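Chemist: To start, I am sharing the structure in question, which I have written as C-alpha cells.
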Amino acid sequence: MRLFNWRRQAVLNAMPLVKPDQVRTPWHEFWRRFRRQHMAMTAALFVILLIVVAIFARWIAPYDAENYFDYDNLNNGPSLQHWFGVDSLGRDIFSRVLVGAQISLAAGVFAVFIGVAIGTLLGLLAGYYEGWWDRLIMRICDVLFAFPGILLAIAVVAVLGSGIANVIIAVAIFSIPAFARLVRGNTLVLKQQTFIESARSIGASDMTILLRHILPGTVSSIVVFFTMRIGTSIISAASLSFLGLGAQPPTPEWGAMLNEARADMVIAPHVAVFPALAIFLTVLAFNLLGDGLRDALDPKIKG
C-alpha cells in the first residue's frame, strides 16, 4: 500500500502544473485561430470602423448630407474643402457617403436579422419534427429559391411600395429560406446525437431540447452565414434603390446615390465612384469576415 501511494505521489509530482490562465477555453481557441488570419482581422477592423461611422455619421459628416448645397462648385472633383467632390446639386459627396453608411448598413443588418429569426425557427421545427411539417416548409423554401433573389425582392416592393422599410422586408423574405435550410440540416444531424437521446430519456420537453441542446449547436453556422449574408443584403438593398424602388431622393443611400449619378458619370465620374467603392469595400469586408469566422469556428480546420 505504501509503495502504491509512493508511486501515485511520484506521478502527481511529475505532472506539470497548469495555471488557470493557461487553460484553453473555446473562446481562447477561437481567438487563437481567428487572429492568425490577417485578411479576416483587417476585415473585422474595417467592419468595426464602419459601424462606428454609421452610428455617428450625422456628427462626423462635415456638411448636412441633404440640405447643404454648394452652387459654386457643381460636379467639382475631390478637393480640400470637399474630400469626395460635389454632385450636380452641390451636395458634399463625402458627407452623403458617411450618412449613407448608416442607412445601407441598417437596411442590410435588419433584413438579415428578420431572415435569421424566422428562418431559424422554421429550420428547427422542420428538422426536429420532420414529416408533413418538414415537407411543407421545404416546399415553400423551394418555391422561394426558384426565383432569383433580386426578382423576388422587386416583386415584393412592387406590391408593398417603395421605401427603405419595404426594401428591408423584401430582402428579409428571400433570406428566410436560406437560413431555414441551414438550420434544418444542422438539426437533422444533432437530433441523432446521444446527448439528445439522453435528454429525452430524462423527460426533457421538445422545447427544452430545441432551445437548450439543438439551437446552441447551430449558433456557429448561423453566425458565419449571418455575417456573409449582410453583404448580400446590402447589395440587394442598393440594387433596389438604384432601380428607384428603395430609398428615394434626397435620402443619401448608396444605391440611390448611384441612381442619381448616372446622368453625370461621363463628366463627373467621382459622383458614382465613391458610393460604388463604399458598397464594394463593405461587401468585401463582410465576406472576408465571414470566411474568417468559418475557419476559426470549424473544428475540422487545424492550425
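Just so you know, glycine gets a Cβ as well, placed from its N, Cα and C.
Copying in the features that Swiss-Prot gives for the protein in this structure:
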DOMAIN    101-290  domain 'ABC transmembrane type-1'
TRANSMEM  40-60  transmembrane segment
TRANSMEM  105-125  transmembrane segment
TRANSMEM  144-164  transmembrane segment
TRANSMEM  165-185  transmembrane segment
TRANSMEM  222-242  transmembrane segment
TRANSMEM  266-286  transmembrane segment
Chemist: Near the transmembrane segment (165-185), which residues from the same chain, at least 6 beyond its ends, have a CB less than 8 A from one of its CBs?
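Modeler: Beyond its ends, the transmembrane segment (165-185) has Cβ neighbours at 107-108, 110-116, 118-120, 122-124, 126-127, 134, 137-138, 140-141, 144-145, 147, 149, 152-154, 156-157, 218, 221-222, 225, 229, 232-233, 236-237, 240-241, 245-247.
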Chemist: Should anything in the same chain at least six residues away from the transmembrane segment (266-286) have a Cβ under 8 Å from its Cβ atoms, list it; otherwise answer none.
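Modeler: Same-chain residues near the transmembrane segment (266-286) but 6 or more away: 43, 46-47, 50, 75, 77-78, 84-85, 87-88, 93-94, 96-97, 100-101, 104-105, 227-228, 230-232, 234-235, 238, 254-255, 257-258, 260.
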Chemist: When you scan the chain for residues with a C-beta under 8 Å from the transmembrane segment (105-125), skipping those not six or more beyond its ends, what do you find?
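Modeler: Sequence-distant neighbours of the transmembrane segment (105-125): 50-51, 54, 133, 137, 164, 167-169, 171-173, 175-187, 210, 214-215, 218, 222, 226, 229-231, 233-234, 236-237, 246, 253, 282.
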